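K.L.:
Handing you a structure now.
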Amino acid sequence: QLSGSAFTCPRSTNKRSWLYRILPSVSHKPFESIDEGHVTHNWDEVDPDPNQLRWKPFEIPKASQKKVDFVNGLHTLCGAGDIRSNNGLAIHIFLCNTSMGDRCFYNSDGDFLIVPQKGKLLIYTEFGKMLLQPNEICVIQRGMRFSIDVFEETRGYILEVYGVHFELPDLGPIGANGLANPRDFLIPVAWYEDRRVPGGYTVINKYQGKLFAAKQDTSPFNVVAWHGNYTPYKYNLENFMVINAVAFDHADPSIFTVLTAKSLRPGVAIADFVIFPPRWGVADKTFRPPYYHRNCMSEFMGLIKGHYEAKEGGFLPGGGSLHSTMTPHGPDADCFDKASKAKLVPERIADGTMAFMFESSLSMAVTKWGLKTSNSLDENYYKCWEPLKSHFTSNSR
């Protein structure tokens with residue numbers, strides 16, 4: 001049995017699956033510590049920085065220079081909280097160019113929500129296989145072993161949450177239908193390999209933020225059948241049923257929430273996964289782009305493809321931005337000028353684009369890799385707002 005919740009959780013939140021294996025997963029040599037590379041959960045590496053931060057596309061290592069698989073290519077960008085008390089989150093970037101081969105990975109600390117941006121992933125899990133392409137997401141829940149094959153230089157984003165699981169948000173006044181529908185989430189069909197790898201298969205475990213490895217003689221993907229409700233799953237973002245304002249003003253961006261990881265406070269999330277998909281804009285008497293904002297939440301944004309409407313220039317696919325708690329942010333000067341002069345006719349927004357946001361109630365710290373070692377930080381980000389000027393006149397009434 002693989003338990004994703006305490007045995008005594010209420011039936012509605014109890015998560016477990018039974019795996020019918022050729023050999024039990026306990027059949028391995030002892031775990032030993034290995035180099036964790038750029039994976040960290042030390043939020044005190046560098047001093048806090050409340051500034052608006054933006055990263056250029058993170059550079060993927062060339063396969064001809066150095067082979068890097070999914071685990072070696074994990075880089076922690078920012079996060080908050082504490083693993084040992086099961087409260088918090090981390091945001092990672094993965095940059096890889098080769099398949100994992102006879103290596104698998106599992107996370108004792110939390111769930112991985114994986115957002116590929118470049119290149120597709122063939123993910124082997126104990127429950128079966130999943131093919132994941134850009135504009136799709138998957139969730140590998142805590143404790144589930146998986147291995148990833150890639151077919152080119154590959155890049156993406158990961159939202160990790162500790163101690164809680166992702167779930168669909170409550171719909172409230174929206175009613176029974178809308179946003180991400182349960183029927184569109186896919187889970188693997190059982191698949192197994194009865195394969196011996198004498199002393200050569202490596203199981204890598206992330207435990208309390210550190211990496212450990214153990215050797216075993218067989219493939220871990222030897223589950224002939226399974227049943228239960230604790231599984232990996234995937235979702236195609238094109239299936240999201242968008243809701244938007246149809247008269248005037250803005251609805252809050254929470255209407256774009258795909259998945260949420262709730263905290264103990266009602267309505268407040270450890271993390272929300274939010275997307276900004278293609279849609280119609282029809283609001284009258286309204287500045288239609290995202291409004292200027294200061295937020296009690298932390299907002300990390302990434303771009304899978306296309307051009308984000310509020311910052312078409314410097315915010316690029318494979319990069320990101322972080323607007324920390326109560327740090328002001330909003331459209332750049334070009335976006336403001338265009339939207340202020342635009343005729344308010346119905347228009348398509350974000351065609352060919354998919355931007356997303358990892359939003360958290362926690363105040364996130366950026367790692368040394370994020371601020372320095374990655375060499376991707378855009379030092380000129382603040383300049384995109386410098387051309388903004390006052391349009392106020394005292395007699396405008």
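The backbone N, Cα and C atoms fix where each Cβ goes, and this holds for glycine too.
Okay, these came from TrEMBL:
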{"type": "DOMAIN", "residues": "1-237", "note": "domain 'Homogentisate 1,2-dioxygenase N-terminal'"}
{"type": "DOMAIN", "residues": "239-392", "note": "domain 'Homogentisate 1,2-dioxygenase C-terminal'"}
{"type": "ACT_SITE", "residues": "His250", "note": "active site, proton acceptor"}
{"type": "BINDING", "residues": "His293, Glu299, His329", "note": "Fe cation binding site"}
{"type": "BINDING", "residues": "Tyr308, His329", "note": "homogentisate binding site"}
K.L.:
Which site among His250, His293, Glu299, Tyr308 has the most other CB atoms no more than 10 Å from its CB, taking these as recorded positions?
P.N.:
Tyr308
K.L.:
What is the interatomic distance between the Cα atoms of Glu299 (Fe cation binding site) and Tyr308 (homogentisate binding site), given in whole Å?
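P.N.:
Between the alpha carbons of Glu299 (Fe cation binding site) and Tyr308 (homogentisate binding site) there are 15 Å.
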K.L.:
State the mean pLDDT for the domain 'Homogentisate 1,2-dioxygenase N-terminal' (1-237).
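P.N.:
Average per-residue pLDDT within the domain 'Homogentisate 1,2-dioxygenase N-terminal' (1-237): 96.
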K.L.:
Work through the recorded positions one by one (His250, His293, His329) and name whichever has its CA nearest to the CA of Tyr308 (homogentisate binding site).
P.N.:
His329
K.L.:
Give the distance between the Cα atoms of His329 (Fe cation binding site) and His250 (active site, proton acceptor), rounded to the nearest whole Å.
P.N.:
16
K.L.:
Relative to the Cβ position of His329 (Fe cation binding site), how many further Cβ atoms are located within 10 Å?
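P.N.:
I get 21 for this one.
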K.L.:
Fill in the CA-CA distance, the residue listed as 'active site, proton acceptor' to His293 (Fe cation binding site), as an integer in Å.
P.N.:
12
K.L.:
Given the recorded Fe cation site (His293, Glu299, His329), which additional residues of the same chain have their Cβ within 8 Å of the Cβ centre, ordered by sequence?
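P.N.:
The answer, listed by sequence position, is Pro290, Arg294, Asn295, His323, Thr327, Pro328, Gly330.
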